[in-house]
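K.L.:
Per TrEMBL, compositional bias 'Basic and acidic residues' is recorded for 74-85. Annotation comment: TrEMBL describes 251-266 as compositional bias 'Polar residues'. Taken from TrEMBL, the feature domain 'Band 3 cytoplasmic' applies to 112-400. The region 'Disordered' annotation in TrEMBL covers 57-93, 242-275, 401-442. Residues annotated as transmembrane segment in TrEMBL: 476-498, 510-533, 553-575, 582-604, 691-709, 729-747, 777-796, 817-841, 877-896, 903-922, 949-966.
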Amino acid sequence: MKPILCTNYFHCSKMTDEEAVLDRGGTRSMLNTNFEKEELEGHRTLYIGVHVPLGRRSHRRHRHHGHRHRKRSKERDSTGEDGRESPSYNTPAQRVQFLLGTEDGDEEHIPHALFTEMDEICLREGEDAEWKETARWLKFEEDVEDGGERWSKPYVATLSLHSLFELRSCIMNGIVMLDMRANSLEEIADMVLDQHEGSGSLGPDARKRIREALLKQHHHQNHKKLANRIPIVRSFADIGKKQSEPHSMDKNGQTVSPQSQPSNNEAKQDVSRENSAVDFSKIDLHFMKKIPPGAEASNVLVGELEFLDRPVVAFVRLSPAVLLNGLTEVPITTRFLFILLGPLGKGPQYHEIGRSIATLMTDEIFHDVAYKAKDRSDLVAGIDEFLDQVTVLPPGEWDPSIRIEPPKNVPSQEKRKIPPVPNGVTDLGESEEHGGHGGPELQRTGRIFGGMILDIKRKAPHYLSDYTDAISLQCLASFLFLYCACMSPVITFGGLLGEATEGRVSAIESLFGASMTGIAYSLFAGQPLTILGSTGPVLVFEKILFKFCKEYGLSYLSLRTCIGLWTAFFCLLLVATDASSLVCYITRFTEEAFAALICIIFIYEALEKLIHLGVHYPVNKHNDLQKLTQYWCSCVEPRDPSNETLQFWDERNITVSQVNWTSLEVKECEVLHGEFQGPACGHHGPYIPDVLFWCVVLFFTTVFMSAFLKEFKFSRYFPTKVRSIISDFAVFITILTMVLVDYAIGIPSPKLQVPNKFKPTRDDRGWVINPVGPNPWWTTIVTFVPALLCTILIFMDQQITAVIINRKEHKLKKGCGYHLDLFVVGVMLGVCSVMGLPWFVAATVLSISHVNSLKLESECSAPGEQPKFLGIREQRFTGLMIFTLMGCSVFMTSVLKFIPMPVLYGVFLYMGASSLRGIQFFDRLKLFGMPAKHQPDFIYLRHVPLRKVHLFTIVQLSCLILLWVIKTSRAAIVFPMMVT
């Protein structure tokens, strides 16, 4: 049936079920390359970044036919169906913005993700031709390589300006059929050719031959390699669900009568018939995964036909989208078709026009315009708006054959959809987005524990999902990595604390305290992504307190319990008064200084521990290879024993003359306070060069291997899923590899020492400490003074780390809970004080590493497109498992004893270095050594003079140095107040 021709969208009121909104435009040929000079100049004048009102007259003598058409279109559209005037548009951008801002309420005009495929044909007399796929677009262009054996790398499409103008002419003068109802390619071909035949541009013979050409078989690039594949698993119900809906809207927004539509059963039969005809063996499953759910196809068909003397052009939008079997390489419904067939000799020209429309369909703005366009003029406005955004590269200054790599970050196109802000009006949206740490979580309620109650109400709905969201390999990789990373500092901190307190609080207490506090925090805290750990200032405080108690004859554990209980009380007082709302005054300056300092401490301590191994495993720097046979080292009696040594011998009834010193082993000699003598001996024992050098190898191999495997997901090897798993398990794979290599080599490197019995280190203490004990009663009161200092330390450590974790760039969706976090830390601090366990608070570097290990990225990304950062996998499982395993470590000593300490030191260095990423301070610090032309394109460098950036960085660096000096000096106890 031949459709009724409609000259204006709003004036067509009745259509049959095959009718489409048709706009035929001009009738002259649009692919005439012999443009007059003034016409080409007119194109350049109008569309290269210049906004020209559509109704303005040209001052040239000859005007392009497009201007006349647009003027007539404007006159037709100036009054609507009800006689009211439609909005006037001064620029194409304004028309596009108005079009995209309207909501029709019609589901068929809701934009979907698009896959665009371009097929080409060259039909000569006596040859059996077929359509061959030559290019495809999901986001970036991929071409079939000249050899025809593979796809090219995705690249940014570069178009000639001339092809864009020719495309514009095609849309203006060709057949435009919007919302066509058709169920097969045959129907589409008939309807398109009916329009051309009606315009007198085609004869019956040409029509028949063009129809045969359009219905030729389509050969896709993946047919060669997909002979035997398993049936596709993905359901077509989601991909092509729109086609089975029986209702649709006509051009006036009216519901089409049931008589003009196929019945629901008929539609379902058509869909099932189409789906059942799909050849599943020819589907590329790997590429199918790249296509978003609900995506539709846009097919571009261009080519040369020997019998044509003028081009045949049509732009078709189907409503509803239809699954045209064999047309597209992936079985998704087709929404758009662009057909361009012309005479021989202009194949490259047609190819470039096809690339132009395909690239336009991947443009975010024109894509939406194509879905919502009501007539031809809307499509032309979309092309004009695209041309306004085009950047022209001079032909003599670059090589057009170069393929531009896809960018890592594609800028948002939302500004093109929104009208520009008038002069003098400030855009408050962005200022709010980038402003401070404000939000409902940090607003003072004025009620006792009001903030904490709101935190509980905010987090309670997400509590179950905090566990269900953890069902992922990424979470397994995260807690295995963090378990290894947390174990060493906890045990090391316990060992140092044991040395400082003569074993009153040592490794087993540290392990137990960390496990108990971490489990409680993971279960009940507001932000379970935070990892608790020990801090340097706390260790300094413990040392000062123990020295004070020893000098004045006080019980260290009892006095420490009083201070801990007062500190817990002050923390709960801060929670009750909503003091955490003060966090909103913590600036990025303070955040970066604190985070940078903690990262530097991790790096410094990792290197310091490696260097310190040289004391325990000394190296002879004055070796003579010719005298290796004369080297020896033996244990001898001390020549001048100290009073401490003499007292040691007397206490143990050791008779020096009866000891066979030369037969003692190294450890026995050290226990009996003997001395080492010989050319192969150092001050502390025999030289052991193998161990130190092997430790250095383990240390740096761990660092580089962890970094390499973490970045492996961006490499070119292996499938995406494999690369992602290797990246997630990077640190765990590194530790496991280093343990196996160390075991195979057999060099006795220092190993992780874990307590193997669950009991207090000293027999004269239990698991519950009396706050008074042997101390005077008044000590329970005066201890509130040092407790104030501890409270500042705990508050600043906890809240600055929480601010860093809760940054807006992490895109957290479940909210935060500053008050609830501090409440849990305060309660557990009191519990640990009563049990004589170390205090634990948020650890910055461990928390940042935890967040980085749980980053979520889009899985369905187009070829060439970098996966988009979606946020963080917010859950409680990883923290809970980390500290549960830590508590069980006492029973896993048989396994943990094989982990070399240099490997854990290397993990520290890796965590400290990797946490520096994203700290703007270090990015600015690197600018000092860069010439201006090599500096990265940071946004602040565009708006702030470089000298002011350097001045700000110097001020921040000075503050960081001051904090470092205080931290490493005896005044380390006032460190938290300096941060404040």
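Glycine is no exception: its Cβ is also placed from the backbone N, Cα and C atoms.
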K.L.:
Average the per-residue pLDDT over the domain 'Band 3 cytoplasmic' (112-400) and send me the rounded value.
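P.N.:
Averaging the confidence scores along the domain 'Band 3 cytoplasmic' (112-400) gives 77.
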K.L.:
Taking residues 6+ outside the transmembrane segment (903-922), which of them lie with a CB under 8 Å of any CB in it?
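P.N.:
Distant Cβ neighbours of the transmembrane segment (903-922) are 484-485, 487-489, 588, 592-593, 595-596, 598-603, 605-607, 609-610, 698-703, 706-707, 710, 731, 734-735, 738-739, 742, 752, 809, 844-846, 848-849, 852, 953, 956-957, 960.
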K.L.:
Counting only pairs 6 or more apart in sequence, are there at least 3 Cβ pairs under 8 Å between the transmembrane segment (877-896) and the transmembrane segment (729-747)?
P.N.:
no
K.L.:
Going through 476-498, 553-575, 729-747, 777-796, 817-841 one by one, which has the most CB pairs that fall under 8 Å from the transmembrane segment (510-533)?
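P.N.:
The stretch with the most close Cβ contacts to the transmembrane segment (510-533) is 817-841.
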K.L.:
So, taking each listed stretch (553-575, 777-796, 817-841) in turn and counting its Cβ pairs to the transmembrane segment (476-498) that are under 8 angstroms, which one gives the highest count?
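P.N.:
Comparing 553-575, 777-796, 817-841: 817-841 has the most Cβ pairs near the transmembrane segment (476-498).
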